[in-house]
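A.B. asks: One structure coming up, written as structure tokens, with questions to follow.
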């Protein structure tokens, strides 16, 4: 039942990706998601898109730090010590260490090298999936079961499903860089098929291996000391170090331009350092990876990947005589997106508050 919903989310996000392509085809000067917002609704559209995109990027950067400290704490459990009469626990220590390691990468202006490293995320996903299969075959087996129906978990699950496919913000950039732009739909088909297979396989394996005992990150369930577990955890640890700077840089550049610090190196370093410190404080305040990702999916990913494409498409092509069937489909997608967003955001916020 859950896999059926997962496929439905994948189809909806693929469809809204096609809507974005049609929006881009309306004007050859469109090169970014913000450009689409401006083309549809003027400067207000550009600002609205930018706000949602930057908040989403910021929270994803926070989730990277949580991911690091959770997995490091799993590798080195029960770490606790006193520092200046303050008790420092393992997760807090590893969060600070992760921030210090990633800090120099945020100061870089040329991120070409990190871009190539982050492209290894595709390889890392395959390695993680293979490691999980290996552990399932050699250690845990695939016999676990969970509850048949658990409606209370549905809002969180749907939020996480949407996070899997929340890449629409970069679609216009990819489209603009292609020589044969007419083949963009083919790119979407291949990308969504690969992502759906990888995420779906990971979900099914995690369920069959751990059932209701599955934690927010499957690496936290893996047996300690096993080679397969170490490969999976180390692979998971490497990615955020490279991706954090790439994620936070658009926000930093926007702040620097707004404050006219773009060409002042020292001020740029200060802005990026303060931005990193703010994500550390947020991660210390909300150290719940699964709930944070569900909140991102419900409140931001649905907005950027479902609602905005539909609204922009209907606005840009309002005078083009689109069929009633198409408008009905788009209206249905928007209604479902709003419902899932409201219920999912409310549910994730309540769970985060209850966990604090």
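Cβ coordinates come from backbone N, Cα and C, glycine included.
Curation plays no part in TrEMBL annotations; they are all automatic predictions.
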A.B. asks: Under TrEMBL, the annotation transmembrane segment belongs to which of these stretches: 88-108, 214-234?
C.D. replies: 88-108
A.B. asks: Need a quick answer: max count of Cβ pairs under 8 Å to the transmembrane segment (148-170), which of 45-67, 190-210, 269-289, 328-353 is it?
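C.D. replies: It is 328-353, which has the most Cβ pairs under 8 Å.
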A.B. asks: What stretch, picked from 45-67, 269-289, 328-353, has the most CB pairs under 8 A with the transmembrane segment (295-316)?
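C.D. replies: It is 328-353 that shares the most Cβ pairs under 8 Å with the transmembrane segment (295-316).
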